[in-house]
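Record features (TrEMBL):
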- 17: active site (ACT_SITE)
- 65: active site, proton acceptor (ACT_SITE)
- 17, 197: Mg(2+) binding site (BINDING)
- 18-22, 30, 34, 62-64, 66, 68, 178, 184-186: substrate binding site (BINDING)
- 230-245: compositional bias 'Polar residues' (COMPBIAS)
- 226-245: region 'Disordered' (REGION)
Ligand code: IPE
Ligand code: IPE
Ligand code: MG
């Protein structure tokens, strides 16, 4: 473990990519990959809780995913509604506090009510905070935060924007993982990932298992997080912290 970061990240964010390819390789419709992706998320959330991760934030549907074929988009909306009905009781039992993050205005009334109900049921849970980013875009988030400040007549400052951002209930991600082999952010947490450690995995999301998660956490633990300082400064302050504890 590197002296300047704790072994297990407090907040992990994941771009869950590769569902379509997983299905296509098996000659299945893309939606079969998305269904498998829900199971993979369930497994990943459980594994994160077991490892002491406090917050898991996942990218489930981007602002740009509306541009996919209509049948895939409607399949994903149906899958969200079904996954809610099927998974929320178990997540609640496991102590997961659910949040849905994104522009809810363009979701159907029925889906919106389902999301709200799931959040209300799990609000008191403390084992793992699970943020599901659905109809989310990093640019949308920054713009909506700025609009909220403007509407209240507040000055546009970093601290003000931070408080108005959709993930203001959690600290910034320590580790950002993208599965599926692509090395890009695709408009995910543009503001919040300013100092996140990035790990790219070639595994497709449905195949991202506990071993792959442990590999990503091990890569994170080997990094030195400097936040603009020099390596010597970071090592000095972590030495004096370990003397105190
Ligand atoms: C990610 O998997 C899930 C969503 C974007 C909804 P993809 O559907 O992008 O899978 P690939 O990248 O086509 O394999
Ligand atoms: C990013 O994946 C969005 C989600 C995982 C929800 P995409 O598959 O949409 O990203 P691009 O289009 O390859 O950049
Ligand atoms: Mg993709």
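For all residues, glycine too, the Cβ spot is worked out from N, Cα and C.
Annotated features taken from TrEMBL, shown on the structure.
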residue : record                 : DSSP class
17      : active site            : coil
34      : substrate binding site : helix
63      : substrate binding site : helix
178     : substrate binding site : strand
185     : substrate binding site : coil
197     : Mg(2+) binding site    : strand
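Note: the CA-CA distance between residue 178 (substrate binding site) and the residue listed as 'active site' rounds to 7 Å. Under DSSP, the residues of the region 'Disordered' (226-245) split into helix, strand and coil as follows: 14 helix, 0 strand, 6 coil. Checking the recorded positions 17, 20, 22, 66 against ligand 2 with a 6 Å cutoff on the Cβ atom leaves 17, in sequence order. There are 17 other Cβ atoms within 10 Å of the Cβ belonging to residue 65 (active site, proton acceptor). Among the recorded positions 17, 34, 178, residues whose Cβ is positioned under 6 Å from ligand 3 are identified as 17. Reported as a whole number, the C-alpha separation between residue 22 (substrate binding site) and residue 197 (Mg(2+) binding site) equals 26 Å. Ranked by how many other Cβ atoms sit within 10 Å of their Cβ, the binding-site residues 18, 20 place 20 at the bottom. Comparing residue 20 (substrate binding site) with the residue listed as 'active site, proton acceptor', their Cα atoms are 13 Å apart once rounded.
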